[in-house]
């Protein structure tokens with residue numbers, strides 16, 4: 001059975017790499033996982049993941065995409081597709097592969113031919129009005145994550161406003177608030193992977 005591919009997108013610094021790191025740390029004992037990171041000119045995110053994650057280095061592939069970061073996850077996904085095939089051959093038991101995009105704008109989305117599900121991450125420090133902008137990445141993602149909730153009092157962001165706006169534009173689609181420094185809210189993301197993605201509750 002092929003692994004489920006989960007795209008993780010969002011602006012630079014929102015916490016994409018940290019989310020993948022925390023999820024793999026929390027769930028690697030129950031789910032076989034691997035990760036692919038996309039950077040424009042470096043493989044820095046892959047190095048960070050290899051250094052901080054519980055995943056062995058051979059389960060992490062870093063790609064230098066060059067140019068616009070969204071191209072490698074939408075218009076020309078061949079590099080990511082090749083990396084996915086490489087990981088599948090290395091680890092036939094894989095259940096989940098994360099594909100982290102390079103930091104991009106609010107309109108970036110994953111090609112449905114590349115990923116099965118997508119997570120879009122923003123951080124509170126970008127301002128409470130960000131969800132109201134309703135970028136395509138936030139609207140179309142299967143899970144929307146608002147990270148760095150601990151910064152709300154320092155930047156004058158009202159989490160209640162962000163929640164209300166998220167409910168309006170997400171409608172019935174799920175979203176979660178997280179503080180990945182302390183793992184606050186991470187269980188909500190884990191539960192989404194277990195039930196909505198892998199449907200383990202039906203197994």
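Each Cβ is built from the backbone N, Cα and C atoms, and glycine gets one as well.
Here is what Swiss-Prot says about this protein:
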type	residues	note
BINDING	10, 11, 12, 13, 14, 15, 16, 17	GTP binding site
Neighbour count first, Cβ atoms within 10 Å, every protein chain included; then name which of 10, 11, 13 tops the list of binding-site residues.
10
Three-state secondary structure, residue 16 (GTP binding site) (per DSSP):
helix
Far apart in sequence but close in space: which same-chain residues, 6 or more away, have a Cβ under 8 Å from residue 15 (GTP binding site)?
121, 123, 145, 147, 148, 178, 180
Can you check which residues sit near residue 17 (GTP binding site), meaning Cβ under 8 Å from its Cβ, same chain, 6 or more apart in sequence, and list them in order?
37, 45, 48, 49, 100
Taking the Cβ of residue 12 (GTP binding site) as the centre, how many other Cβ atoms fall within a 10 Å radius?
10
Mind giving me a neighbour count for residue 16 (GTP binding site)? Other Cβ atoms within 10 Å of its Cβ, every protein chain shown.
26
What other residues of the same chain, not counting 10, 11, 12, 13, 14, 15, 16, 17, have a CB atom within 8 A of the CB centroid of the GTP site?
103, 121, 122, 123, 147
How many other Cβ atoms are found within 10 Å of the Cβ atom of residue 14 (GTP binding site), counting all protein chains shown?
24
